[in-house]
Amino acid sequence: MERRQRGVSAGLLLLLYQISQVGLQNIPAVTLGVLVLNIFLFLNPLRPLSEVCLSVSEAVHKKNWQRLLLSPFHHADDWHLYYNMISMLWKGIMLERKLKSIWFAYIIAVFSVLIGVVYMVLEVLLVIILDDPSYEMNCGVGFSGVLFALKVLNNHYNPGRVSSVFGLPISSKYACWVELVAIHFISPG
């Protein structure tokens, strides 16, 4: 995994601008805390990305379990941070107001670890099914898995909505799955 540039950049400036447009007073506490933590760790990473990214090889074989906690809160670059945190901002505002802060914080904590476990199980299944041990080496960082889980949860609490995916109207119930497949084909990394 390549090292990213540190410091203030276009994606980070745009993220800070978007947050200022919403207004700090309009962002619930846990959502704001998640945003601040991710921005802080982007500017001051605990370790290089190659030492926090999550893989079967590192977490399971080398028993480096701390990666389960670190990988969701580190991002590959400023645009990765921007897109994830903008998504977190809107999902967090909607869900935290509905679920209340303590329950929302619990969900974020559980999803942050559980998504990493699911990621590793899927990688192990790919190793077994495709007989390709290289999948054990795939190393990922970022909050995208947690955001996907939050989107599914948001769709559960707000049924009947319609989303536009590439201009096609799709029930929000299925839109997150269509988006997941589309993202895989557009940006397989």
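From the backbone N, Cα and C atoms, a Cβ is placed for every residue, glycine too.
Heads up, TrEMBL stuff is auto-annotated, nobody curated it.
Feature list (source: TrEMBL):
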| type | residues | note |
| --- | --- | --- |
| DOMAIN | 63-183 | domain 'Peptidase S54 rhomboid' |
| TRANSMEM | 103-129 | transmembrane segment |
*Which sequence positions outside the transmembrane segment (103-129), separated from its termini by at least 6 residues, show Cβ-Cβ distances below 8 Å to it?*
28, 30-31, 33-34, 54-56, 59-60, 67-69, 71-73, 92, 95-96, 135-136, 138, 140, 145-146, 148-150, 153
*Sort the residues of the domain 'Peptidase S54 rhomboid' (63-183) into helix, strand and coil with DSSP and give the three counts.*
91 helix, 9 strand, 21 coil
